[in-house]
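Going by TrEMBL, these are the annotated features:
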SIGNAL    1-17  signal peptide
DOMAIN    23-69  domain 'Chitin-binding type-1'
DISULFID  Cys42-Cys56  disulfide bond
REGION    78-103  region 'Disordered'
DOMAIN    132-305  domain 'FAD-binding PCMH-type'
Amino acid sequence: MKSLSFLAVGLFSGALAATVSQDATCGGTNKYTCLGSQFGNCCSSAGWCGSTTAYCGTGCQSGFGNCGSNNGPSSTVASSTKAPSSTKASSATPAPSASGSATQCLSDKKVPYKVSADAAYAQLAEPYNLRLPYKPAVIVLPTTNQHVQDAVVCGGKAGLKIQAKSGGHSYASFSSGGKDGSMVIDLEPFQTVALDKTSGVVQVGGGVRLGNLADGIYTQGKRALSHGTCPGVGVGGHATHGGYSHTSRSWGLAMDAITAADVVLANGTLVKASSSQNSEIYWGIRGAAESLGVITTFYMQTRAAPESVTYFAIPWTGIFNSKATFTNSFLRLQEIARNSSIIDDRISFGVYVDNYGTFSLSGAFFGSVSEFNSKIKGEFLRNMPTSGEVTVKPYSWYDYLILVAGKDSIKEPLTGYSEHDTFFAKSLTVPEKDGLSSAALDAFYTYSQTASSKSVEFYSIINLYGGPGSTINKKDTNFAAYADRDSLWVFQNYGQGANTVSFMNGLQDAVIKAQPQTQFGAYLNYVDPSYDAATAHKLYYGDALYARLLALKKAVDPKNVFWNPQSIGA
Ligand SMILES: Cc1cc2nc3c(=O)[nH]c(=O)nc-3n(C[C@H](O)[C@H](O)[C@H](O)COP(=O)(O)OP(=O)(O)OC[C@H]3O[C@@H](n4cnc5c(N)ncnc54)[C@H](O)[C@@H]3O)c2cc1C
Ligand SMILES: *[C@@H]1O[C@H](CO)[C@@H](O)[C@H](O)[C@H]1NC(C)=O
Ligand SMILES: *[C@@H]1O[C@H](CO)[C@@H](O)[C@H](O)[C@H]1NC(C)=O
């Protein structure tokens with residue numbers, strides 16, 4: 001959300017005997033080269049390896065790989081070294097004929113699509129995270145359910161891997177396939193937001209962005225849903241992998257509001273999935289939709305928008321002045337987070353920290369300003385360092401959405417979305433029973449102090465998920481294929497800069513190692529491309545849940561058509 005301006009990282013040094021990048025970074029202090037790396041042979045101006053013009057074109061660092069084109073040597077370094085031009089064409093990438101037969105099949109069935117030769121392709125192929133710009137073999141733009149059904153059959157027959165795309169905000173660009181050469185079914189034309197005023201159930205097209213969803217249900221009937229703050233995020237990825245925000249401890253996750261979905265399965269069948277129809281598929285898509293099918297329409301139970309929300313924000317200064325101050329301050333917040341005489345389900349909040357020494361808390365309270373001030377505010381200020389100016393302010397529901405979006409409007413364009421970032425992010429979920437130890441907080445502090453020496457800019461948002469009364473944690477894995485129901489805190493660790501991947505991994509490792517007795521997990525919506533499939537499955541689902549998902553996967557998608565590097569069965 002918060003855009004970080006980028007520190008200029010060291011100029012290219014021309015080092016010849018460089019180490020081949022293992023983490024997609026190049027140049028910078030580590031001076032890794034992209035030449036021969038699995039990520040592509042070119043080193044971008046921002047210090048990432050890749051194979052497209054974003055990496056090989058303007059600003060490309062010739063000291064750390066090829067420039068001009070992925071295989072076209074334009075520097076002495078490249079021409080004197082044999083570029084392994086076949087690295088990208090792994091065995092998982094289908095032969096060109098596969099995309100040819102898929103497009104022939106799509107044309108025969110009159111399904112709209114774009115390939116790289118089309119003018120519209122470049123913009124459609126661009127993911128939110130420009131660090132991972134994969135090249136789909138074909139981008140399908142269906143306007144009907146039948147188009148989606150036909151596309152799935154065409155892709156499957158041609159041997160292409162398929163991923164649906166909703167808002168395109170996957171941290172790992174899985175909605176671009178998670179590798180080159182996939183079929184992307186872009187649900188951008190599915191923009192319906194239709195509220196049934198009697199039941200309060202809204203019908204939501206698979207490509208609707210959260211801002212347009214919130215705007216639509218409020219405008220049509222003063223209704224609301226629990227979901228993330230960023231209006232550009234899509235319902236398709238967000239609601240099927242959790243969906244957290246300031247309302248979640250009261251209302252639950254975005255996922256929890258899904259009452260039914262229209263799903264196209266691998267054999268091209270369209271089914272309705274709910275607790276009474278295709279209930280195992282209904283269970284599975286709430287946690288692993290990308291592995292089971294394409295959801296063309298969601299049905300979600302809205303609730304009455306509250307008249308007013310109390311927003312609060314507390315900035316502290318000097319918390320990063322010493323390790324003891326940092327650790328004791330967080331431990332005090334954790335004490336509050338677990339104390340049922342202070343906290344109930346009406347409050348949600350998160351702590352924001354960054355490499356500039358920011359340490360602030362913000363959240364929402366479904367109660368009055370006076371109740372917040374008399375019962376809760378004093379607790380946040382007691383036994384803490386002196387704070388800056390505290391904000392406690394009532395907002396109408398709609399104005400609250402605009403406030404936390406950090407923009408002038410929550411409405412997003414229906415085509416031509418153009419917001420992007422270049423980053424690496426990951427997450428850490430902290431089990432309720434353990435919480436964070438002082439050793440883990442000490443380790444976080446000590447490691448975070450090394451950011452500037454590694455030219456990394458990062459922030460962490462540490463959200464309260466659990467604690468007394470949390471609606472999120474009242475459910476379990478029988479409700480949905482979602483394991484993250486017992487966390488106290490969820491960290492989102494988000495970084496930018498040449499050494500980001502190793503830095504962010506190091507930050508989390510430091511915390512995990514300092515608290516060895518705890519089984520930490522990870523949050524599916526902050527999907528982390530640095531994990532191999534087995535690790536991802538363990539962290540996101542755990543063994544029992546994964547086994548049930550794998551059995552379902554084998555039944556409904558035996559040929560493994562719906563695939564990304566971490567999908568079920570990958
Ligand atoms: C700027 C920003 C802010 C964010 N803020 C929050 C926040 O406040 N709270 C929070 O919880 N998360 C937040 N996130 C994380 C966000 O929830 C996830 O990135 C989410 O998965 C993105 O959804 P999408 O539809 O945009 O993603 P996409 O990239 O389109 O899809 C993600 C995955 O879901 C699959 N998928 C998408 N649609 C469908 C469908 N219809 N059927 C089957 N599979 C589908 C895709 O194949 C892909 O594997 C934020 C992310 C960003 C980039
Ligand atoms: C919870 O907070 C209340 C109010 O500050 C305090 O009196 C009580 O001792 C706290 N309980 C625990 C277990 O810390
Ligand atoms: C398609 O797959 C589903 C799920 O496995 C199955 O129930 C259905 O019978 C299949 N349809 C056809 C036409 O094969």
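Each residue's number is its place along the chain shown, starting with 1.
Any Cβ shown, glycine's included, is placed from N, Cα and C.
Bear in mind that the values here come from a model prediction, so they are computed numbers and not experimental data.
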Any idea what the model's mean pLDDT is for the domain 'Chitin-binding type-1' (23-69)?
-> 82
Position of peak Cβ density within 10 Å, selected from the disulfide-bonded residues Cys42, Cys56 | Cys42
Per DSSP, the domain 'Chitin-binding type-1' (23-69) contains 7 helix, 10 strand, 30 coil
